Amino acid sequence: MLVSYKWLKELVDIDVTPAALAEKMSTTGIEVEGIEVPAEGLSKLVVGHVLSCEDVPETHLHLCQVDTGDETPRQIVCGAPNVKAGIKVIVAVPGARIADNYKIKKGKIRGMESLGMICSLQELGLSDSIIPKEFSDGIQILPEEAVPGDAIFKYLDLDDHIIELSITPNRADALSMRGVAHEVAAIYGKSVSFPQKNLQESDKATSEAIEVAIASDKVLTYASRVVENVKVKPSPQWLQNLLMNAGIRPINNVVDVTNYVLLYFGQPMHAFDYDKFEDHKIVARAARQGESLVTLDGEKRDLTTEDLVITVADKPVALAGVMGGQATEIDGNSQTVVLEAAVFDGKSIRKTSGRLNLRSESSSRFEKGVNYATVLEALDFAAAMLQELAEGQVLSGHVQAGQLPTEPVEVSTSLDYVNVRLGTELTFADIQRIFDQLGFGLTGDETRFTVAVPRRRWDISIPADLVEEIARIYGYDKLPTTLPEAGGTAAELTPTQALRRKVRGLAEGLGLTEIISYALTTPEKAIEFAVAPSHLTELMWPMSVERSALRQNMVSGMLDTVAYNVARKQSNLALYEIGKIFEQEVNPKEDLPNEVNHFAFAICGLVAQKDFQTQAQAVDFYHAKGILDTLFANLNLKVQYVPTKDLANMHPGRTALILLDEQVIGFVGQVHPGTAKAYSIPETYVAELDMAALEAALPSDQTFAEITKFPAMTRDIALLLDREVSHQAIVTAIESAGVKRLTSIKLFDVYEGATIQAGKKSMAYSLTFQNPNDNLTDEEVAKYMEKITKSLTEQVGAEVR
């Protein structure tokens, strides 16, 4: 919200600087983003009166003699198409500073001396989007009353201070000058002064010219007035200045009046050309599937049943609350104007403007809410302005469909309730004074009082809201600092928090870097790497399809991060994330999904760089598995790795499921080359674990085992096996022999070659045995080896080499 300091001072009698006002507002609940002075950086810009204007042959230039208040006219060469004799213009004299700190100097153009520059508003730093179209390609023409030689700032209100407010959704009342005036008046203990318009109505009734009806419960009220015999023309300079300072382009006096009322009351309005109506009945209803509308910006909008439209003769003429239609827009030939003031459902307007990517000053106010109590007042004010600025004749009365509650909302509380929550010792007189400043009614006493909250403050409905208002106006800086009286208790991590912290520490100790990716993704990516996909949980109204579904895996988000970094020449990556996935086993439209904590990581590129001693080493499956092995070892958990080809987006020969107590808790492996290509990433290895399953399996107590004094004994065994036999199957077979003294199984060689028959491979293991209480003998170890050999032969068909 852009607030004109000049305009604000007309509504509230304050004598503070804009900077002091901004600081005060920021400390009482409405944040000020900044203050801008349009004239800042500009100098030596004066009013000029063009005395003569001659075309320069064979050029687009004009040789002008301009009166700038000096003794003699100033010769200026100007290329603007709309320069002519008799007009008042903006002149930058030599030494002047215009936009971008550009300094104007005397010069020659086509051999002709030019003693200054006739300026457009763009050259003063104003945006093209707010400059009247009649001046967008040429110079600005000043009012007739401008005096040659005067500084131009007061004529264009460039010396105003524009205060930019950051309005939160709960304070939509401040999206109007009247709302801001009420706020400032409350802060400084002043009274507001709102100008009144004298509306003179003709004998003809509005109901004779127009009829309105509502055919949707999303239209709360719809009111109209009719103004005849209007003269459409440019608005007076003061109104154009006011709109431009608020970031709105002046169009003509009729449209500008509706925008003025929007800024003043916060009530969106629209003006229709009555003579372009095919019928005299306006109906506000939901759009029908297949209907379309060409809006004021010239775009054809395809409508859905979720949109609200204003119709005449059952044809849409406006997109309710968002933008009018081109077919009934006001133009230079318009003579009879229909003014609309309505209240539409904010959620419906938000959906429509979001779907069409068509946000306007009107839609933003309907989305946040408008003041029910001033809808008709704003309508009458607009009609009176058209009577004043467009010489229109206002038909008597208005037509309206749908009624709104306009009486104040009553909220009750007590003085004790207020003081307990603020830690203050306010008296009832203090409370009365504060609510008087706010313009709220107050009845009762300190035991129980009732506040009559005006409809303009629809954010206040419960006692806690009253406490907040009291604190704001009393001053947050005046609230006493109180310390809690209860004794403190030592904080303790929950098991989930403790596991999360431990896993994070282990991951970072292994060289992984934490990331945080979006929980929302595309429906396809949401289930891309899920071991057991469930029903999708999708947003009903997503901002974009890329963020429309809750993820059921974390790997897809990690790969997006990998792709982002690889595209920026960062190819050696080791990333991890701890976050939630969302599983939905029932109806996603009726039930909330289960939120499950998961741990995932992704590695790609080199694990070791090339140097003078070693060759570069790329990451592989065993690096990924090694990270998991370290994690499980530190958590004192024993898992199994089972090869799988069931995960479509993982490499079928380099992927394994991770089993804990015979339950799948995750997977590890290489991303399928096709998937990696789709993500534009190199060979990448990933893993994902169910943290909830890890937490459930953690041993409650860990018993310390004394370090044995007795030495271990090691035996190597080389096995000839079928090529399909996995390492995990061999480990399982060795462990199933039931040798209690076996403490370690390590694979140290795998061989396939000419000396091995086709379809076979050789795998060599180092087995370590140890008795914590005694020395092992060779005979004991030999028996252990016999049992292990027998188990290997029976279970995996191994031959000892």
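Residue numbering: from 1, along the chain as shown.
A Cβ is built for glycine as well, from the same backbone N, Cα and C atoms used for every other residue.
Feature annotations, courtesy of Swiss-Prot:
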{"type": "DOMAIN", "residues": "39-153", "note": "domain 'tRNA-binding'"}
{"type": "DOMAIN", "residues": "406-481", "note": "domain 'B5'"}
{"type": "BINDING", "residues": "ASP459, ASP465, GLU468, GLU469", "note": "Mg(2+) binding site"}
{"type": "DOMAIN", "residues": "708-801", "note": "domain 'FDX-ACB'"}
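Structural mapping of features recorded in Swiss-Prot.
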residue : record              : contacts (Cβ under 8 Å, 6+ apart)
ASP459  : Mg(2+) binding site : ASN170, ARG171, ALA172, ASP173, ASP465
GLU468  : Mg(2+) binding site : none
GLU469  : Mg(2+) binding site : ILE434, PHE435, LEU438, PHE440, ILE460
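Same-chain residues that are not part of ASP459, ASP465, GLU468, GLU469 yet have a Cβ within 8 Å of the Cβ center of the Mg(2+) site turn out to be ASN170, ARG457, ILE460, ALA464, LEU466, VAL467, ARG472. Counted with DSSP, the domain 'B5' (406-481) comes out as 34 helix, 14 strand, 28 coil. Taking all protein chains in view, 17 other C-beta atoms sit within 10 angstroms of the C-beta of ASP465 (Mg(2+) binding site). Helix, strand and coil counts under DSSP for the domain 'FDX-ACB' (708-801) come to 28 helix, 32 strand, 34 coil. As a summary of secondary structure, the domain 'tRNA-binding' (39-153) carries 13 helix, 49 strand, 53 coil according to DSSP. Per-residue pLDDT, averaged over the domain 'FDX-ACB' (708-801), rounds to 92.
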